[in-house]
């Protein structure tokens, strides 16, 4: 059996050939004959619709959304202040008619087509099963247990809720609310808002 000796470490520069050492340089043959891509290129064809004296503005940069919103709020704030001052000047009793509806100051929270902040949805809030977290189906039935006030997804979950003792159901409701709000006062408010009676019959 042949014993293998430990190889001597070789530096990476000894393995790699020098950069450009083996490349043969053409004697200007590439410069004289354009490639097929260069022959069919339209980059160097003069474009009559472009202004030859145009230079790109180096100071102009894209603004992020936060900057645009801040500038828009500042502009609206200045407009409101200007209209308020005009309204105060118009309050002087000098026979000038009162300002019209267009002079009423614009409220900050009024939704417009340009504002990103949207009002609350007019659609009804989705209801979810308290046991599984799936969406409680809204058909002809309400899918809420009348005794405990727990929402359920389907009849299998309802059978589970019916099988719970009243003490277990109460503990489950309190556990849900505490997990969501982490303190008892908020849990009581949450239960009252949902219309759930914490004392189960």
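Each Cβ is built from the backbone N, Cα and C atoms, and glycine gets one as well.
Just so it is clear, the model here is predicted, and its values are computed rather than measured.
As annotated by TrEMBL, region 'Disordered' applies to 1-31 (among others).
The feature region 'Disordered' is assigned by TrEMBL to 71-104 (among others).
Summarising the annotation, TrEMBL assigns compositional bias 'Basic and acidic residues' to 71-90.
Taken from TrEMBL, the feature domain 'Vps72/YL1 C-terminal' covers 127-161. This prediction places the mean pLDDT of the domain 'Vps72/YL1 C-terminal' (127-161) at 77.
Remark: secondary structure over the compositional bias 'Basic and acidic residues' (71-90) totals 20 helix, 0 strand, 0 coil, with classes taken from DSSP.
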